[in-house]
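Annotated in Swiss-Prot:
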type: BINDING; residues: S112, L113, L114, P115; note: (6S)-5,6,7,8-tetrahydrofolate binding site
Amino acid sequence: MKIGYFGTPEHSAKLLEALIDSQLTEVLFVVTNPDRPKGRSKIPEPGPVKKKALEYNIPVFQYESIKKEKEKALSDFGLFSADLYVVFAYGSILPKEVYAHSTLTSINLHGSLLPDLRGASPVQTALWKGYTKTGITIQYIGEKMDEGDILLTKEVEIAPEDNTGTLMDKITDAGIESILQLLKTYDGKPFPSVPQAHDKATYCGKIKSEDRILDWSLKSEELHNRIRALYPDMIATTTFRDKRMNILKTKPSSLSLEINPTPGKLKRLDKKRLLTQCGDGRFLEILELQPENKNRMTASDFLNGFRIQEGETFG
């Protein structure tokens, strides 16, 4: 099968490489976001999918807005005769003229069990909501985002210690396995599919920068889920002694709850464990954190270096 591939970040590059190595497909071209400056450098750098495509000498197309540049895109893609377009974390919505351009239209790998968690942040939102399982969906692309018919789904378990980084790895592995499984069934005809139960749809939006700021008046479980949902891409943050403090890794504490809690109050336990009181009276144990302008550290290192005082708080 001859395909065009649309994607941008690291996990999408992993799927691209799996498709190339599978020998089930011939990747004719890749479409990815334009090069962007990374870190402190002002020099634009190619993203992971572009790097992987160039490694295999696959033609790469980049558009600032594929919607506005769709005529050019269609002209570019017209140089090839792709059977199918495969999309995974491209970063832009494809106009109908583009996703319907290939012989068998286009399929998308989505990081949830549709119709649950349609939208931009299904992996983060599953963690944020405290899900114990999620999954992937391979769907046809339709006119409305994430509403296309379903070809295949696969469940993924969420472990208590998972964060967005580790869960995204699981999602990607499940997606690779499922797409290769699907491609093995190709007989020259469109893949069979079933409509979504649109009346059961739920939605998730983009994670905003203000979502990073922790409100210690929330329940400890809510805060723990938010922290792992934000890691490693955005990082939850609070303040300590009027400076920023990033909270990287936590776990709920079994310490008995207190009446009339002081949200954000710090508690030292066994001289090397750090707990923060939350709005429900329970404690959240801080495992790893990063003070402003310093490297990440364990709670034990933080306690040794900062020597917290009675009554001090985060936030």
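Each residue, glycine too, has its Cβ placed from N, Cα and C.
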Winner by Cβ contact number (other Cβ atoms within 10 Å) across the binding-site residues L113, L114: L114
All-chain count of other Cβ atoms within 10 Å of S112 ((6S)-5,6,7,8-tetrahydrofolate binding site): 25
Cβ-centroid neighbourhood (8 Å) of the (6S)-5,6,7,8-tetrahydrofolate site, S112, L113, L114, P115 excluded: H110, D116, L117, R118, P122, G135, T137, D146, T153, Q196
P115 ((6S)-5,6,7,8-tetrahydrofolate binding site) CB neighbourhood, other CB atoms within 10 A: 20
